[in-house]
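Among the features that Swiss-Prot reports, active site, proton donor is placed at Tyr235. As annotated by Swiss-Prot, NAD(+) binding site applies to 48-53, 74-75, 111-112, 139-140, Lys244, 273-275, with the evidence given as sequence analysis. Marked as substrate binding site by Swiss-Prot on the basis of sequence analysis: Tyr225. The annotation site 'Plays an important role in discriminating NADH against NADPH' is assigned in Swiss-Prot to Glu75.
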Amino acid sequence: MIIKPRVRGFICVTTHPVGCEANVKEQIDYVTSHGPIANGPKKVLVIGASTGYGLAARISAAFGSGADTLGVFFERAGSETKPGTAGWYNSAAFEKFAAEKGLYARSINGDAFSDKVKQVTIDTIKQDLGKVDLVVYSLAAPRRTHPKTGETISSTLKPVGKAVTFRGLDTDKEVIREVSLEPATQEEIDGTVAVMGGEDWQMWIDALDEAGVLADGAKTTAFTYLGEQITHDIYWNGSIGEAKKDLDKKVLSIRDKLAAHGGDARVSVLKAVVTQASSAIPMMPLYLSLLFKVMKEQGTHEGCIEQVYGLLKDSLYGATPHVDEEGRLRADYKELDPQVQGKVVAMWDKVTNENLYEMTDFAGYKTEFLRLFGFEIAGVDYDADVNPDVKIPGIIDTTV
């Protein structure tokens with residue numbers, strides 16, 4: 001079939017398998033052209049491995065460090081008449097390119113929050129890898145079925161303690177509008193912490209440790225975003241921020257556990273990028289459109305692969321890691337440069353419907369958004385007939 005982008009709200013409901021493969025290849029080429037990661041990981045588990053930062057971590061480990069990788073994700077395959085999810089196609093492409101390099105790459109499809117998927121992962125590590133020396137935790141999910149209670153909990157994107165009104169960008173209608181959000185209830189805050197906080201990361205590490213599949217010196221990292229003043233009301237000081245603060249608490253006990261075997265655990269702070277998760281946050285499209293404009297002008301613009309490859313090379317496995325006073329690894333320092341933030345803040349209230357494309361890089365934002373789904377990739381013929389039914393050989397599918 002011929003597949004064109006169809007966008008509804010902050011999701012593109014179509015995906016392009018050939019475009020997704022080309023996007024993965026671009027990221028692999030970036031890593032191989034920037035050289036190996038010295039003393040990098042060799043056997044890696046990535047939880048949330050199919051898109052965005054998790055996919056970038058899998059690519060960086062495999063093609064920057066020659067690592068065997070096991071990826072966990074929750075995606076949907078395509079059929080002859082309907083495209084699958086972008087994450088499915090990304091993972092199929094990743095495994096294809098890894099196999100060409102002689103690297104082990106296997107994937108588990110299912111609910112990473114569940115005990116079942118944790119057990120299947122442990123069994124697969126024992127059978128195929130023995131032990132892992134890096135665990136990357138990169139889940140972004142709107143809800144979680146708690147494995148101990150069976151309760152399904154939802155996360156909420158709301159301010160805490162006060163109602164907030166801020167400028168947003170309606171990406172469908174391409175207009176600036178005021179957005180008002182009521183404060184989260186305590187139940188909504190607790191739910192967001194349960195879904196997006198550190199409990200599941202801790203459950204994963206506990207399960208892996210008890211099963212004896214963590215190598216001596218094993219490291220783990222979970223990805224987070226902090227942002228600057230302009231996003232704080234809705235992000236760091238909001239319900240999501242409460243979940244991110246929970247990561248900072250949970251990492252301490254995880255670090256103690258791994259330190260007993262010479263290992264380490266860190267929260268890694270990454271810059272704002274276009275992802276399916278960030279497009280759902282009302283102020284992020286406007287913030288990102290302004291940020292892209294400023295950072296591209298300064299020559300410091302980065303996407304997922306540049307961020308994560310740099311994180312592994314410079315901080316997780318580097319001699320002089322960027323660490324803040326909380327012990328987090330920082331890869332977001334170019335975004336938080338006072339000059340960059342100052343320019344974004346200065347332009348924030350000046351953007352109008354009329355000057356949107358001049359004042360901001362909304363065009364770049366839209367391109368990045370479509371690239372998530374395999375569109376707007378250079379060299380891909382979008383008028384060609386493609387088969388949406390792409391197989392992942394050897395996938396362990398716990399959803400069937």
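Going from the start of the chain as shown, residues are counted 1 onward.
The backbone N, Cα and C atoms fix where each Cβ goes, glycine too.
Overlay of Swiss-Prot feature records on the structure.
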| residue | record | Cβ within 10 Å |
| --- | --- | --- |
| Gly48 | NAD(+) binding site | 25 |
| Ser50 | NAD(+) binding site | 25 |
| Gly52 | NAD(+) binding site | 26 |
| Phe74 | NAD(+) binding site | 20 |
| Glu75 | site 'Plays an important role in discriminating NADH against NADPH' | 23 |
| Asp111 | NAD(+) binding site | 17 |
| Leu139 | NAD(+) binding site | 22 |
| Tyr225 | substrate binding site | 23 |
| Tyr235 | active site, proton donor | 23 |
| Lys244 | NAD(+) binding site | 23 |
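Here the CA atom of Tyr235 (active site, proton donor) lies 25 Å from the CA atom of Phe74 (NAD(+) binding site). Rounded to a whole number, the distance between the Cα atoms of Gly52 (NAD(+) binding site) and Tyr235 (active site, proton donor) is 19 Å.
Cβ neighbour count for Val274 (NAD(+) binding site): 24 (other Cβ atoms within 10 Å of its Cβ, all protein chains included). Here the C-alpha separation of Asp111 (NAD(+) binding site) and Tyr225 (substrate binding site) works out to 23 Å.
Gly52 (NAD(+) binding site) sits 14 Å from Glu75 (site 'Plays an important role in discriminating NADH against NADPH'), taking the C-alpha atoms as the reference points.
For Glu75 (site 'Plays an important role in discriminating NADH against NADPH') paired with Lys244 (NAD(+) binding site), the C-alpha to C-alpha distance reads 25 Å. Geometry remark: Ser50 (NAD(+) binding site) versus the residue listed as 'substrate binding site', CA distance 19 Å. DSSP assigns Gly52 (NAD(+) binding site) to a helix.
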